[in-house]
Every structure is written in structure tokens, then in C-alpha cells.
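Taken straight from Swiss-Prot:
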ACT_SITE  Lys189  active site, proton acceptor
BINDING   Gly81, Trp83, Asp109, Asp125, Asp149  S-adenosyl-L-methionine binding site
Amino acid sequence: MTTKNTSGRGQRELRVRVKTAKGRKLSSTLWLERQLNDPYVIRAKKEGYRGRAAYKILELDDKFGFLKPGGRVVDLGCAPGGWCQVAVERVNALGQRKNKPEGTVLGVDLQEVEPISGAEIHQLDFLSDDADEKVKGWLGGRADVVMSDMAAAASGHKGTDHLRIIALCEAAAAFAFDVLEEGGTFVAKVLAGGAENELQALLKKNFTKVANVKPPASRADSSEKFVVAMGFRGRASEPEEGEA
């Protein structure tokens, strides 16, 4: 936060400090203070994004270029909507670039998400039995990109949280295998912890390129990273009748 120095000595950066309110834990106070001083949080407010996470997908797309005008994107775990906002811009879902094809963006989340211009948002438990079919019905065809920023509620136990998010990634990957166009891209947030190795192996079988990235917008003290799998090889053909 930039504030004018009334002493006339020019401008200086002032760090916002939060007093520990009665009943508020010190950890909560420190988190709030970090949020208020986070340059990505400040930038998101200025640029109209719903959260700092928008810059993670921006930075990943700047590096790999998977969000293209005319693209069809599915965003799993889309709340509060930052990734959808970026996707709408990059795939030209609002048709603002008249000489470029218009894309589509479909967002899904367990919690209600405020409407986003240019995106179709649905409230849904993606782990429910009929979730895949519902999303495919809303999509109405194949997708070029499936993105997952899904995360389970934190348990406070690092190992448990790691396994939960890997399970969500695996569910998202299975869905991606079912809906992606050949050559499509899968992007997902994971937490480092060891169990992601099987997911990596699965993705390498189904995509021509798999990269693990920690974008600058991801906090240095966070165990999160992102897997970007590009060049979907396509669904295996069904065996002929009589084949083993």
C-alpha cells in the first residue's frame, strides 16, 4: 500500500499492520496482515480479479500458452472465479477481439459463485456419482482445456491434506481423459508430498508433455505446485468384438 508522507519527504511504502483483536488468534492476525500487504492481493483489487490465484493461471498460460481464442475451457473448483475471469479474457469468450474466434468457459464449484460475464457457472459437488455426466451435458462437446484448482477443506494434518488434494486431481484427470480433444491440456494444483508420483505417471502416459511448475504468484512457503499436461494423446479406441 502506497501512502504519501505528509512530512514532504516524498512517498514511501508503508506496511499495513493489524492489531490483534480480542478473541482473534495471533495466527489469524498474521494471515490477515500478510494478505493486506501481499502485492498480488493489492494488484488483484486494482485490476478487478477476484483473488490472487488469478495470477497463477495467468503466469502458467504466459509460459505454456494453452488458453487460446476460440478455446473451450472447463474450470473445476472455480470459486471465487479468478481463473474463470482469466479464461474468459484469454479465449475471447466475450468476443471483444472481433478478428478472433470466441471461446467458451464453464466453471463448476461446490459453493455458489457470483456470476462472471462470459462464463457459465454451475454449483455442483464434482465428486458426486453423476457429476461427470452433468458437466459433459453442460459443456455440450469436447474441451480444449480442463483446469482444476479444487482443494479439500484443510484438516491441519499435512499428509491428510496432501492425499485429499491428490484424490481430487485424479478425479479431475479422469474427467479430462473423457472430455479433452486430442492435443488438449490439463492443468491442476497439487500439494507436494510423494503421492503425486502415480498421478504424474498416469499423465505422462496420456499426454506428450508434462511439466511441474511453481509460478511466481504461488507463495514461497506453500507446498502447492501446478502440473501442466499438454498434447492429450486421445482416448484409446474400443477393442473390436471378440478381442481380449
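Note that Cβ sites are derived from N, Cα and C of the backbone, with glycine treated the same way.
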Here the binding-site residues are Asp109, Asp125, Asp149; which one has the lowest number of other Cβ atoms no more than 10 Å from its Cβ?
Asp125
Between the two most separated Cα atoms in Gly81, Trp83, Asp109, Asp125, Asp149, the residues recorded as binding S-adenosyl-L-methionine, what distance in Å do you get?
18
Using Cβ atoms only, which residues of the same chain lie under 8 Å from Lys189 (active site, proton acceptor) while being at least 6 residues apart in sequence?
Ser148, Asp149, Met150, Ala151, Ile165, Cys169, Glu224, Lys225, Phe226
Least Cβ-crowded entry, counting other Cβ within 10 Å, from the binding-site residues listed as Gly81, Trp83:
Gly81
